[in-house]
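Working notes for the structure below.
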Amino acid sequence: MSCSKCGPGTPNQGPVLVEETADGKKVEPTILIVGNPNVGKSTLFNAITGARQAVVNAPGTTVEVMRGRWGSLGARILDMPGTYSLIANSPDEQVVVDTLAGAPGSFTDPARGQGVDLVLVVLDATAITRSLYLLGQVARTGRPVAAVVTLNDVQEHDTGKRVDVSALSRTLGIPVMSIDPRSKKGIEGLDDMVAAALRTRPRVTGIVPDPRSPGYNHTAALAAASRGHREVDPLEMTALTVADAHSTTPCGCGHEAMNCSEVPDSSAAAAAALAAEEAGGRDSLADADEIFHWVEAVEDGAFGARADAATLSTSDKVDRLLLHPIVGIPVFFALMWLLFKAAAEWVGPLQELFDGLFSSTDEGAFSLANLIIAGLTAVGAEGGWLQEFLVGGLAAGLGVVASFLPLMFVIFLMIAILEDSGYMARAAFLGDRVMRLIGLDGRVIMPLIMGFGCNLPSLAATRTLPSAKQRLVTTLIIPYTSCAARLSIYLMIARIFFPDNAGTVVFTMYVLSIIMVVIGALVLKPFITKGESQAPLMLVLPPYQVPRVLVILKNTWMRAWSFVQGAGKIIVIMTIVVWLMSAIPVTSKHSFADEIPMEESLYGATAMALEPVFAPAGFGEWHMTGALMTGFVAKETVISSIVLSYNLDPEVDGGDAEDAGEDLGSLPELVTQSFEKSAGEAAPLAAFAFLMFVLTYTPCLATVAEQARQIGGRITALSVVVQLAAAWVLAVAIFQIGRLFW
């Protein structure tokens, strides 16, 4: 590459891997990974960076970006959010545009001494046309580009053909490799390719940065237009280009930028761009059409005759059944029912085993509780409040945490299989029809699906929604999606009161959760989203593939362990809080940490004060109301609070204190007695009303805090009040109406 001052014979030397500024400061090169969603960008990023990575928010946004170091190259690497185009329609896509543009305040703002040295574009072999279109848009920015092709094995399986990366590289004029990020096949040669690209700074052939003026720079126009400062035809955005923010003289010639045909001054270019637009400019449709013609030329040059568009792949044939409006939805619900049926019936013995490893006090049993008792006995400190706290409180609480592990593992395993096979994207497509009936954008379905895992990341996922009103409604209805922490409560209560139909009861709770989401959206529609146009859902359906066992097991273990770690911290803290409340007497007959009857402790007194509130719902018994009290902080603590309350209760319905306090195997009987005390023969009905309250009331304080951060404290406070009121009304209605037919 050369410029008018250097002459055609002066080569572009390009930057070395680590540059040194005029003041002697070392600057690592910056590499961006860009591509469509679900093409393997993040898997590639993880394979490159290993543990040298962190999740950071893009400046001024809540959009999360993975940032890490490419150790062998000494380079900084950023994994950009997936995007189909450089036309920003969501905060995620805006971050990609700003970072490519080196916009003020972005990761690559020149004022920070940063820039973009290379854009590594990830191409999907199964959707090469769409991937090449994004590559063409990136090429218009004038940034150096290299590419990798993923999913070539899937493409070969479906069509019998692979993308010829050698032919594609020759046609594009940039280095291209075929890799499989999941198995790390081809990763070993990526270092050399990227190192060479950082030095040579290759540009895509056949694409000029701007058809109106070679090398024309529209950095300011691009950033301003996509931020909404002026009206620009979206298709014109494909023609807006970005200067290399890393240097004012990227060609290496040392001359003033305005005298170099490579990169003119950005402000002058932006002004000229605006003037050209006001004068009528060129036809932006023709500009977009030019990129598509370029894509066709690349496909013809690299692959020869393109495949017959009418040929159906295996995935297409399967989708004709699974996406059918009549067949698809029943199949989806059948799969979900099987998932919860398996969780309810398979993990019971495993949960008891894991719980026993911590809380069992049976003679000869190997458990944390017995080790604590033996240790205290050895130092002469057995008995008393310390043993009661460590065994009946801490060990029992940790046992609950451990019992979550097999449950979460089975749930996450089955979800991971559905995700890796490609089915979960189809579930989102099926849900789109329902979302449109209630006035929501089809893209809302993705955050809602995440909400069934955990409400907290689900709230963060609302940033991908293009409309502020849609984001507000989605943020308000996400708490009604039944998170994984509630699942453990459903399973415990369902096994006790509905042992033969536990899986069906749990499945019913998730159906009710969906109904609550729909009702919430319908109630909010007249106030927030009425009259708002609905953008069509653009969703890539990845090809079906056989899940890889090692990948599935690794991802499942990481998710389950992460859940247990997070829940464990909360449970341990709340265990200590509950124990302290139970050790504080509310009468003068006892002192702190005496053997206080639970009813005469601060915990019991507070829980009993709530009994009249929940009596109309059938569970106005202090063991249950106390658990709901701690559940307001985190649903993970509901079961541990129930266990702890019985552990510290010296007398349950006249039973033996030692049996009630230490034999956790009697927990089902104790819970049954508590519900029968409040609801009599209608105890199962009261138990179902209890589950309805758990489903509907505030998920956890962390979710409330995230809601307040996104939509403000006043709306969040109103939302919490509505959730509590709705939960109480529904629970009372279920019990009172159901009792008429009991």
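Any Cβ shown, glycine's included, is placed from N, Cα and C.
Curation does not apply to TrEMBL; its annotations are automatic.
PRO81 (GTP binding site) falls within neither a helix nor a strand when secondary structure is assigned with DSSP, and so counts as coil. Within 10 Å of the C-beta of PRO81 (GTP binding site) there are 23 other C-beta atoms, taking all protein chains into account. The annotation GTP binding site is assigned in TrEMBL to 35-42, 60-64, 79-82.
When Cβ atoms from all protein chains are considered, those within 10 Å of ALA47 (Mg(2+) binding site) total 17, not counting its own. Summarising the annotation, TrEMBL assigns Mg(2+) binding site to ASN46, ALA47, THR49, GLY50.
Summarising the annotation, TrEMBL assigns domain 'FeoB-type G' to 28-200.
Residues or ranges marked as transmembrane segment in TrEMBL: 321-344 (among others).
The transmembrane segment annotation in TrEMBL covers 364-381 (among others).
Here TrEMBL flags 393-418 (among others) as transmembrane segment.
Among the features that TrEMBL reports, transmembrane segment is placed at 438-460 (among others).
Per TrEMBL, transmembrane segment is recorded for 472-498 (among others).
Here TrEMBL flags 504-524 (among others) as transmembrane segment.
Taken from TrEMBL, the feature transmembrane segment covers 560-581 (among others).
Look at TrEMBL and you will find 685-705 (among others) tagged as transmembrane segment.
What TrEMBL records for 717-737 (among others) is transmembrane segment. Same-chain residues lying 6+ beyond the ends of the transmembrane segment (717-737) with a Cβ under 8 Å from its Cβ atoms: 476, 479-480, 613-614, 616-619, 679, 682, 685-686, 688-690, 692-693, 695-698, 704, 707.
The listed stretches are 321-344, 393-418, 472-498, 504-524, 685-705; of these, 393-418 has the most Cβ pairs under 8 Å to the transmembrane segment (364-381). Secondary structure at GLY35 (GTP binding site), as computed by DSSP, is strand. Under 8 Å from some Cβ of the transmembrane segment (472-498) lie the Cβ atoms of residues 343-344, 348, 403-404, 407-408, 411, 440, 444, 447-448, 451-455, 458-459, 462, 465, 504-506, 509-510, 513, 516-517, 520-521, 524-525, 528-529, 563, 567, 634-636, 638-639, 668, 671-672, 675, 683-684, 687-688, 690-691, 694-696, 698-700, 703, 707, 710-711, 715, 719, 723, all in the same chain and six or more residues away from its ends.
When pLDDT values are averaged over the domain 'FeoB-type G' (28-200), the model yields 83. When Cβ atoms from all protein chains are considered, those within 10 Å of LYS41 (GTP binding site) total 24, not counting its own.
Put simply, of the binding-site residues ASN46, ALA47, GLY50, the one whose Cα is nearest the Cα of PRO81 (GTP binding site) is ASN46. Sequence-distant contacts of ASN38 (GTP binding site), defined as residues of its own chain at least six apart whose C-beta falls under 8 angstroms from its C-beta, comprise GLY82, ALA425, VAL540, PRO542.
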